[in-house]
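Notes follow once the structure below has been shown.
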């Protein structure tokens, strides 16, 4: 009887985390379609291939190096011992956390679209997923979390809280993308004779499909972040929902019914809620998501028109700025004063969130600086004119039409 | 030990219902693509934005008013007490039932496509999801079910049975759409000089994608309607499958291999089976779904060509007529005579199904009548000519092509 | 208490297998989009309708004949007794295994695309799913597995191991497709005046969507093949992941960054791992998947250019050759020598895998030979020129554009 119950616990945990992993794996199709819909037609094949290649390289790097670095364990045993006494729970935990790590290159991909060379961006992703991301992860969630979190507890009264990665994943990805996009420069024709000239997106249905896939999978991202069935929380699910909905509605108003803003608004809300989704009241989640959407709508405009940074999908305001907002907001709306669960500290949230920004900016600048100086990061003028689909993959997204 | 088992029960229920909610949430992407594929290209952006906005407004209305109205509980406690002793089960139950409520505007959306103004249709959806739907829901499934169901038990011998919402959800949505479509009038050019002129659909692949997403998510709609893991039923899953398959095959024959009928046939079958999916034999389910498809194929033709109602996606025959059929059919094929589980009454099913029709027609006529009289429901002639994408959202579905 | 735990076990198993079934059902949308993206525009509607019709006919045949044949049970009881004492577990088991059986016509569909008549291919699928597939299934997994597996145990030292159907499903489908494609002949214009002239694919985004849907659903295909929650294995999940990733990366290199090869490479890896996914080490899985991708890239070229077989999606190398490779490879990398679980025999794997090839070639040749001789298999020259969409379904995939 006790063995049966233990079996149910083990099986339940493996199923729970496996479902979460599959849902977040599916989100990578969402990243792909979001990019495909937003770029021009001559960069669609490239978007698909980048996302799938980055995913695959991330898997190898995180399996061999990243996960061992973050959690102090490895998989160089035979199959039998990998299964352990718990039906291979450690393996699905790797799978689930890989899905998070692999978001880093998938986020950056949207910023550097249409003019980056293929292998240099793969290389950068490999370095982040294999090395720099797991080091930060180890300090917040992993084997070295004692080091940093004890300092937070001592000086701020509570550890830095990032339930599902507003900071560790999204802010990290978004702030790494900033130096990447700057190192690369704007697409030809984006800013001409001192004037900003928006390059029209190719396909709203694919953009919307990407957003939907991401939003659906996000419930795995957030809910399964408890990593054990016994820790499942209906609050996390409904907070994710409310933040998404807040994001949609605020983006609808601020973005004047523009479909790009509305569909990215859902994502803005979801990014804002990750960190505090287990802490805050659903109405607070609605507001946090709504503010996230405002950050996106105005941040995107500011970035593109004032700062003149050609971040194609706006991944820096979306994942970077809102990720940081999510980390900080958990320290506000998580307080009992606002109906939250408590146990968080505003100063810890602020410090931890800024730490991620600094870490990402430094590592991103070093990696992309070196790549630019050595192997080069940007397509040749000719190749950019042809578009990456023809230049790199030797095929159009719609070959039959091209032939006609 | 007992605490562990109780924990498994709680965790299992939250996971079960959360998965159901996510699957039905995903169905809303299906509603979007089904509409996008069926309308003309100049209404695709509008379809996406309507569905996502309606979803978001529904969430807010149902959270604040609708769910409390239907189930006599509310969420104005702090986060801690929302989690209760059962890991926030009430919250995921809200999420799951929201997914049902939000089907109402999503169903109507397909009928009124291409010529309705944006905010008036949002307003109508808000009234239904926040008010009229939860009142009916409270009588069948909710806090006031005692009132109505006791009458059914007394006079018909059994309560009105609607396991997964053939009547409460689909028939309600479809019969609400009828006054909406009539209040709106046909698209310009749909009936010219007394002749019916079909407006060609834009995109069969998107239509098929929508149908597939809906069909896959439907297994969450039906199976998770037990709302507790202990009530899961393999019969519900296989009946849903068999009804869908019956719908496809009957539509294939009756619709002469037309892809629109075949892909809507799957949905026809699934709508027909919701009410009785926990009661009937799989072969009866096949037949119920098949008859559903016949109702759609011939009902669609009758509506469009004889009644001259420009219900773009045919949502009245699909959700309205078939929903009613599903409610009634549960009272036939649910009987032990046909291999069913029994415990249902034909007269209760007939009465309950007709009650929903009357309720929907009255509330729909009042709401859309008022909207038409006050703020207006229909796009101006100019805007309809430009199409809602340009008129409302100021963008095409394929902006890059438009620029060329 | 014991009843509660038993209830959890039953409910858990039904949920587990139901989720698996839904995930593999969703894969059929993936088959559809993979084909839609790879064929020309005039065959897209046909691809969608074929897949959905084949699915539906398969359901009926497998419910009435196939499953009873394979597992010695049937569903001709009333609903009450179908639920049994275990919440209808047998029904969801039927659903799950149907999803496997229905892969047979879905696989073949991609090979015979663009020039096969509609009903003859439906008929062939019905025969396979209702009759020849279940007979083979009964020998490996089903009621007669004692007969064959005892011989394997006696002469090879271990039974033939095919955990998730590299051989029973994929190799069977792929090797059945070979006689079908040969019986049908190449599309007009594919080989002209002795020269091979590739027909350009229509839509890379749909091809990629199909591949993503298949890859995501595949985790249900493999993980839920344990058929009971107590048998869930994190190793199966991660081996599937690693094989997929190996497939992507090897295809990327061998296929020179071609998006078709990269996205089919993921599938190649997943097909290679099915049989041994519960046995091998993740690094072995990576290699098995990678070799699978090489088999696809070079096998596809060899088939199309040397053998001059117009297998449109390359389903014979993909499912046939790689399925066979997966069966054999489980007998190599499953050995403890390579870090595997052991309990397999190379000779059993080789023999079993070849047996499936012979069985598929014979049954396929007989069925397609008879169809060709009697009712005919190929569209008329006129109809092929018009394309199956217009010829069979009387509609284009993009009707609005066609009208313009």
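Backbone N, Cα and C define each Cβ position, glycine as well.
Below 8 angstroms of C-beta separation, residues 47-48, 51-52, 55, 86-89, 92-93, 95-96, 98-100, 102-103, 106-107, 109-110, 113-114, 201-221, 223-225, 227-229, 232, 260, 312-313 of the same chain, each at least six residues beyond the ends of the transmembrane segment (B:14-39), sit close to that stretch. According to TrEMBL, the transmembrane segment annotation covers B:14-39 (among others).
If you look up TrEMBL, you'll see B:16-398 marked as domain 'Ammonium transporter AmtB-like'.
Look at TrEMBL and you will find B:51-71 (among others) tagged as transmembrane segment.
Here TrEMBL flags B:91-110 (among others) as transmembrane segment.
The transmembrane segment annotation in TrEMBL covers B:122-143 (among others).
Outside the transmembrane segment (B:163-186) by six or more residues, the chain places 100-101, 103-104, 106-108, 110-112, 115-116, 124, 128, 133, 136-137, 140-141, 221-222, 225, 236, 271-279, 308-311, 315-327, 330, 352-353, 356-357, 359-361, 363-365, 368-369, 371-372, 377-378 with a CB less than 8 A from a CB of the stretch. Feature annotation from TrEMBL assigns transmembrane segment to B:163-186 (among others).
Positions annotated as transmembrane segment by TrEMBL: B:198-220 (among others). Counting only same-chain residues 6+ beyond the ends of the transmembrane segment (B:198-220), those with a CB under 8 A from a CB of the stretch are 19-27, 29-41, 44, 187, 189-190, 237, 240, 244, 259-260, 263-264, 266-267, 270, 304.
The list of residues near the transmembrane segment (B:232-254) in space but at least 6 beyond its ends in sequence, with Cβ under 8 angstroms from a Cβ of it, reads 16, 163-164, 215, 218-219, 222-223, 225-226, 261-262, 264-270, 272-273, 276-278, 280, 282-283, 285-294, 296-298. Feature annotation from TrEMBL assigns transmembrane segment to B:232-254 (among others).
Among the features that TrEMBL reports, transmembrane segment is placed at B:261-277 (among others).
Feature annotation from TrEMBL assigns transmembrane segment to B:283-301 (among others).
For B:313-338 (among others), the entry in TrEMBL reads transmembrane segment. Counting only same-chain residues 6+ beyond the ends of the transmembrane segment (B:313-338), those with a CB under 8 A from a CB of the stretch are 34-35, 38, 107-108, 110-111, 113, 160-163, 166-167, 169-175, 177-178, 181, 264, 267-268, 271-276, 279-281, 284-285, 287-288, 291-292, 295-296, 299-300, 302-304, 344-350, 352-354, 356-357, 360.
Panel annotation: around the transmembrane segment (B:350-371), residues 120, 123-124, 127-128, 132, 136, 140, 152, 156, 160, 162, 167-168, 171-172, 174-180, 183-184, 320, 323-324, 327-328, 331, 377 of the same chain, lying at least six beyond its termini, place a Cβ under 8 Å from a Cβ of the stretch. Under the heading transmembrane segment, TrEMBL lists B:350-371 (among others).
Averaged over the domain 'Ammonium transporter AmtB-like' (B:16-398), the predicted model has a pLDDT of 97.
Panel annotation: around the transmembrane segment (B:122-143), residues 50, 53-54, 57-58, 61-62, 64-67, 69-72, 97, 101-102, 104-105, 108, 149, 160, 162, 167-168, 172, 176, 180, 352, 356, 359, 363, 367-368, 371, 375 of the same chain, lying at least six beyond its termini, place a Cβ under 8 Å from a Cβ of the stretch. Remote same-chain residues near the transmembrane segment (B:261-277) are listed as 161-167, 169-170, 207-208, 210-212, 214-215, 218, 221-222, 225, 235-236, 239-240, 242-252, 254-255, 285, 288-293, 295-297, 314, 318-319, 322-323, 325-327, 329-330, 333-334, 340, 344, 349 (criterion: CB distance under 8 Å, separation of at least six residues from the stretch ends).
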